[in-house]
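Student: Sharing a structure below in structure tokens format, with a few things to ask.
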């Protein structure tokens, strides 16, 4: 009689990272990441515009607010985007509920991204994703917002709407990275195409996700786990992220200096950062002295009391080159952590309806229409108009 002894197969345990692209800008960012073949990430797109969803390269699509918008878009009205996300919140949660980490990317200043992104972030914060691959317990989803602000040529109306959207989104995300589209002019030239410029902005999101995933899944001498990432990013407010890659003499220093001077981000400095995540990647020829030089160059930029988490990974495709990725959190000089949950802190403000400009209640709107000449009233302000009868692509031409 033979006894067949076999070891049980170990389950594949790894953090589940989800990226949700909200609205047109968010959907474009997801398309660019899919085209760049970013691995280890679950992609989802959510939009009120059915035509935009049809063109998406993403397999997982959420049509926001079918009853509210009929698939015709939000008409640049954030309240419509918010209502559409609230209508579809159950479907949204089906896609994100088992995530350990959630990236929400959107463009601020329009309707869907500005209104829906905070709703999704709030749902993620209130949810408690079961971490089944550890001790059975409930744990919140670590949520990161990566959003853009409008170009200057988009007009004065979109910027205040974008600022209100950022203020609302920051209530619910652990970390927020803001990319002003206007900063694209810092790195563009006269021959840079419009499409290529936006890809540069989308690359910031790509850098952030790759920097996190590489530290946890790439082979290396110093690997980090998800708990390390969470320590630096949980409840940390505004953040900046950068990456640099160099070869030749002093490649480590050059890569580090490029990483800490990202020209796309929103006039932020690492000086007051409370948490720093450093990822140094190189081929088999990367030396100990190079790792030391790159890490110390980044450390020079931050307070000595900052919580610095460091990882070094190997990638044979990086032979002859060194890449340094830096994520600095808590750069607004505050840590949102407190004994009171951010959700309970914001309950009072939630009692009052969050009001965007150009989406007044009917009573306020009537007074506005009486006191302003007709030609000064924006089409978007006419809440009672049949906005949903006009396709989104036509409304955008107005």
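Glycine is no exception: its Cβ is also placed from the backbone N, Cα and C atoms.
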Student: Of 59, 90, 196, 202, which does Swiss-Prot put in the GTP site with 24, 25, 26, 27, 28, 111, 112, 113, 154, 158?
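Tutor: When Swiss-Prot describes the GTP site, the candidate it includes is 202.
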Student: Of all the binding-site residues here, 24, 26, which one's CB has the most other CB atoms within 10 A?
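Tutor: Buried the deepest by this measure is 26.
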Student: Would you identify which of the binding-site residues 154, 202 has the most other C-beta atoms lying within 10 angstroms of its C-beta?
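Tutor: In terms of Cβ crowding, the pick is 202.
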